[in-house]
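A.B. asks: What Swiss-Prot records for this protein is below:
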type	residues	note
LIPID	Gly2	N-myristoyl glycine
DOMAIN	24-59	domain 'EF-hand 1'
DOMAIN	60-95	domain 'EF-hand 2'
BINDING	Asp73, Asn75, Asp77, Thr79, Glu84	Ca(2+) 1 binding site
DOMAIN	96-131	domain 'EF-hand 3'
BINDING	Asp109, Asp111, Asp113, Arg115, Glu120	Ca(2+) 2 binding site
DOMAIN	146-181	domain 'EF-hand 4'
BINDING	Asp159, Asp161, Asp163, Gln165, Glu170	Ca(2+) 3 binding site
Amino acid sequence: MGKNNSKLAPEVLEDLVQNTEFSEQELKQWYKGFLKDCPSGILNLEEFQQLYIKFFPYGDASKFAQHAFRTFDKNGDGTIDFREFICALSVTSRGSFEQKLNWAFEMYDLDGDGRITRLEMLEIIEAIYKMVGTVIMMRMNQDGLTPQQRVDKIFKKMDQDKDDQITLEEFKEAAKSDPSIVLLLQCDMQK
């Protein structure tokens, strides 16, 4: 992006103020930082993975970053622009519990069919285990569950109709009624 795009267009800024939890000033700061890190104005998967690697240096964050990238990339074009980035950041950092659950569901629903299968859940849980690294996982995972055991425990609590799939409704209902499920989904057993 050249000098023409170094500032957010007023209509884009207004749209983001209306559709995120950030103020106009915060959006301008985030945009400035985004352009500093991504002069082209877009992030590709490899660049996104490098950001995750910086935050999780003790494990392998590449697989989890791939899933987060897919969830951030709303239009499916293989890149994340500022709008996609800031909207996802708004939900994950300042969104309501309901918004965060919807976002998490999207991440776990790998094929986007509106249902989470055991294999989809296992894929994400394994990616979380790899991302945080063995030493940290041992401290966090005080119950000693393997990824498969964690998936089984989550499905036992969430899959109300026992069809081996979790719908968005089941996901939200279980998370609201039992906060420990959210901890299981995050693989964070510290209370």
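Glycine is no exception: its Cβ is also placed from the backbone N, Cα and C atoms.
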A.B. asks: List, in sequence order, the same-chain residues at least six positions removed whose CB sits under 8 Å from that of Asn75 (Ca(2+) 1 binding site)?
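C.D. replies: Spatial neighbours, sequence-distant, of Asn75 (Ca(2+) 1 binding site): Glu84.
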A.B. asks: Starting from the Cβ of Arg115 (Ca(2+) 2 binding site), draw a 10 Å sphere and report how many other Cβ atoms land inside it.
C.D. replies: 18
A.B. asks: Helix, strand or coil: which one is Arg115 (Ca(2+) 2 binding site) in, per DSSP?
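C.D. replies: Strand, per DSSP.
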A.B. asks: Which one is it, among the binding-site residues Asp73, Asp159, Gln165, Glu170, that lies nearest to Asp113 (Ca(2+) 2 binding site) by Cα separation?
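C.D. replies: Closest candidate to Asp113 (Ca(2+) 2 binding site), judged by Cα separation, is Gln165.
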A.B. asks: Other than its close neighbours in sequence, what residues sit by the domain 'EF-hand 3' (96-131), given a CB gap under 8 Å and a spacing of at least six beyond its ends?
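C.D. replies: Here the qualifying positions are 52, 56, 59-61, 63-68, 70-71, 88, 137, 147-148, 150-151, 154-155, 164-168, 171-172, 175-176, 185-187.
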A.B. asks: Using a Cβ cut-off under 8 Å and a sequence separation of 6 or more, which residues in the same chain sit near Asp161 (Ca(2+) 3 binding site)?
C.D. replies: Glu170
A.B. asks: Which whole-number value in Å describes the distance between the Cα atoms of Asp163 (Ca(2+) 3 binding site) and Asp109 (Ca(2+) 2 binding site)?
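C.D. replies: Each residue's Cα considered, Asp163 (Ca(2+) 3 binding site) and Asp109 (Ca(2+) 2 binding site) end up 16 Å apart.
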A.B. asks: Count up the helix, strand and coil residues in the domain 'EF-hand 4' (146-181) according to DSSP, in that order.
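C.D. replies: For the domain 'EF-hand 4' (146-181), the helix, strand and coil counts are 25 helix, 3 strand, 8 coil.
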A.B. asks: Between Arg115 (Ca(2+) 2 binding site) and Asp159 (Ca(2+) 3 binding site), what C-alpha distance do you get in Å?
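C.D. replies: On Cα coordinates alone, these residues lie 11 Å apart.
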